[in-house]
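**Student:** Residues or ranges marked as region 'Domain I, interacts with DnaA modulators' in Swiss-Prot (evidence: sequence analysis): 1-72. Annotated region 'Domain II' per Swiss-Prot: 72-107, in sequence order. The region 'Domain III, AAA+ region' annotation in Swiss-Prot covers 108-324. The ATP binding site annotation in Swiss-Prot covers Gly152, Gly154, Lys155, Thr156. If you look up Swiss-Prot, you'll see 325-445 marked as region 'Domain IV, binds dsDNA'.
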Amino acid sequence: MSGIDTIWEKVLANIKHRLAPASYDTWFKETKIKVLNNHQVVIQAPTSFISEWLQTNYIDFIQEAFIEEIGEKLNIKVISSEDELMNNEKEAPVRKTQQTSQELLPNQLNTDNTFDTFVIGSGNRFSHAASLAVAEAPAKAYNPLFIYGGVGLGKTHLMHAIGHYVMEHKENAKVVYISSEKFMNEFINSIKDNKTEEFRSKYRNVDVLLIDDIQFLAGKESTQEEFFHTFNELHQNHKQIVISSDRAPKEIPTLEERLRTRFEWGLITDVTPPDLETRIAILRKKSEEENIDIPNEAMLYIATQIQSNIRELEGALTRVSAYSKLVNRELNSDLVAEALKDIIATSKPKKVTIKDIQLAVGEYYNVRLEDFSAKKRTKSIAFPRQIAMYLARELTDFSLPKIGEEFGGRDHTTVIHAHEKIKNQLETDESLKNELKNIEKDITS
């Protein structure tokens, strides 16, 4: 045991002596010390929920324990294992492509995200089958594989599962997982540092490229150009490409047509929110993994209240378990309702404002907020502005003059014209229907 570990053992013993057993087990039992130098200490908690709770409620308590044990006041920071994972990914240096997948991926793939831990339901069955087929026969089954769906529904889990499977079954396979935002940032840095050849070598000399959240490249013309050539080289060399997005290729605005076409070469599959049976199965599996003793009626309550995505569902279970230990009460439906009252209250439909609409439409069509009020009439701004006016009439109770006022003081007749134009276009334009469906989802989520 290292010196700092010994100090932390003493601090924990001090804390344990002063806390109720249930509180200690809930908040401190799984913590570790990561850094202790220059009057600073970094403590690692197993989850973001616990790290935030410690940072908010126990910093002074921890400070007192350190003072008693080492006689020194320290600057204390609490992080989670997830924080460290993200930081490692950001800081990981560019490595030579000759490395094996086992060397490439320790900080890129979540070890929990495998096919074995994925809960299959009606909303993801096809995507799971396609992902497994790709993992078993890279570049032979479906290339590219394009998985789309909302936040927290399992897209990234499936991509990580593909990566793990290939690493396990294909010796020395080169696998890279990256978000499209990080791809763009690395590309920009490679230009700045005059290292574009290194960048290209890193992403074009792999057996499997897993790229997450491709919709982030919308409007990023230079990065789209670079990814276009990366895609072509990998595809021509029979290397597997797996892409995820929050929407289908044809619904990503300002995506170059040549990229859109290539994304449609292989298989496009979607994941949808889990049904009740799947949500219960997810909770049951998670409770078994975490050794959480939860009765069926309490599990059913969580599953009926948290319907949006898997991430929130699992987070709710963790919160309920921690709350039960903290208050030292049996885990039942009443306690679940008490523990989740804030989450359930915030999950109810919110009142939509015109600014909410402008922000969502602006993000979708890459338009700045101030452009909705500007006098500009270019098509790239005028059309999104009309969309926003249409949605303002459909989703809010504001009067026509009030809507016009929020769009730079425009006359109410302009709002009527915009509403009628979009309404008529929706009758024949399926693509526009899908775009509005995605925007409305963003507004109300």
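From the backbone N, Cα and C atoms, a Cβ is placed for every residue, glycine too.
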**Student:** Looking at the binding-site residues Gly152, Gly154, which sits with the largest number of other Cβ atoms within 10 Å of its Cβ?
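**Tutor:** Per the Cβ count within 10 Å, the most buried is Gly154.
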**Student:** Would you mind giving the whole-number mean pLDDT across the region 'Domain II' (72-107)?
**Tutor:** 55
**Student:** Report the same-chain neighbours of Thr156 (ATP binding site): residues 6+ apart in sequence with Cβ closer than 8 Å to its Cβ, ordered by sequence.
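**Tutor:** When sequence neighbours closer than 6 are ignored, Thr156 (ATP binding site) has Asn110, Asn113, Asp212, Ser244 within Cβ distance under 8 Å.
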**Student:** Using the Cβ center of Gly152, Gly154, Lys155, Thr156 as the ATP site position, which other residues in that chain lie within 8 Å, going by their Cβ?
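**Tutor:** For the ATP site the neighbour list reads Gly149, Val151, Leu153, His157, Leu158, Ser244, Val271, Asn309, Ile310, Arg311.
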**Student:** So if I draw a 10 Å sphere around the Cβ of Lys155 (ATP binding site), how many other Cβ atoms end up inside it?
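**Tutor:** Summing over all protein chains shown, Lys155 (ATP binding site) has 26 other Cβ atoms within 10 Å.
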**Student:** Using DSSP and three states only, what is Thr156 (ATP binding site)?
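**Tutor:** Looking at the DSSP assignment, Thr156 (ATP binding site) belongs to a helix.
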